[in-house]
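Asker: According to TrEMBL:
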DOMAIN    11-37  domain 'C3H1-type'
DOMAIN    92-119  domain 'C3H1-type'
REGION    55-75  region 'Disordered'
REPEAT    130-171  repeat 'WD'
REPEAT    254-293  repeat 'WD'
REPEAT    294-323  repeat 'WD'
ZN_FING   11-37  zinc finger
ZN_FING   92-119  zinc finger
């Protein structure tokens, strides 16, 4: 009988009170623990615990120093105990940003297990945060010679930002989702449902380019041609015109994809298109004919960039593929990099020292930075939601726009610095 009672008492003494977890235990003393049982997952995550919500864990026994007591955490010599050392080690290695800190309501301060910084790495820093868009940022453009930054969003607006003050100088309400936005010379092109708006920022003239029968998801310019891809899988091409009513003339509709085309890139006198049909098509920009189809991805092709003689593609299948011309103009994959999550978009630029850096935005609200060609990780940028696009600016500046509407301004630093908020 005594043995059974001892076993039952030992079992109760190592169990956490379920009512205490819910914040409504009224027993004093309580025969169950008012503290989480020590385990690595509990120390590393934001579980449904009192510690997670900023309450101090406490034990019903003051005589025995359990994991919730100050003596157990600090040790008899005043040194930090194992639990704190594990937490600090995890915080240093954790690549995740604190979701509560992002919203200015983390209660753990320096004891938080997650990063309180918008980035991790050296050689770059945040300049400012512009958060006036209400939905996904779908385009960022800084026209050459202009001191205004343009951003478009699915909230139906284009915002014009003063680069000197960082303030929003003007809001253009288009009454429909802005699904893409780019600039070329003095022109701003805005992709909408069934049309592309063309604004000349020097002459203040505006034109509507008809042709698309669905949402315009991406645009690019090459060979004096504006290409715009639509949700119905068709790519439209406009070239300069001498007509008085419009300086642009629709010259072709490129068909071949069976689902929506979501990304475009221009390089080596070719147009590349990535689609939800999991394929990449290569188009000759002189003849506007498809010359080949690439089928190595197993999910949506989300982004394409041309870098020197290489084509880089990303996909929701969690891979980045590097393509090169092997023989007779054919493209083959020469390297595949795998991420832990699906890839949203790619962008490439040199850092302050001229080293090529690839930005890979993933479905974990972060952007991984890799040095090429080694793919060694250089650092990470973080956002409230997935970063939909990245754009290069002057003087070492670059911009990121995420799906929450947050526009971040970053800057390469000539002297590497330690990450800070």
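All residue numbers here begin at 1 and follow the chain in the order shown.
Positions of Cβ are set from backbone N, Cα and C atoms, glycine also.
TrEMBL annotations: computationally assigned, not manually curated.
Describe each of these features in terms of where it is and what it packs against.
Answerer: With a threshold of 8 Å between CB atoms, the same-chain residues lying at least 6 positions outside the repeat 'WD' (130-171) that come near it are 177-183, 185-188, 190-191, 201, 388-389, 391, 393-394, 399, 401-409.
Within the same chain, residues 214, 217-223, 225, 227, 229-237, 299-307, 309, 311, 313, 315, 329-331, 345 sit at least 6 positions outside the repeat 'WD' (254-293) and bring their C-beta atoms closer than 8 Å to a C-beta of that stretch.
Residues 262-268, 272-276, 278-282, 331-348, 356, 358, 360, 363, 372 of the same chain, all 6+ positions outside the repeat 'WD' (294-323), place their C-beta atoms under 8 angstroms from a C-beta of that stretch.
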Asker: Over the repeat 'WD' (294-323), what does the predicted model average in pLDDT?
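Answerer: The average pLDDT of the model in the repeat 'WD' (294-323) works out to 96.
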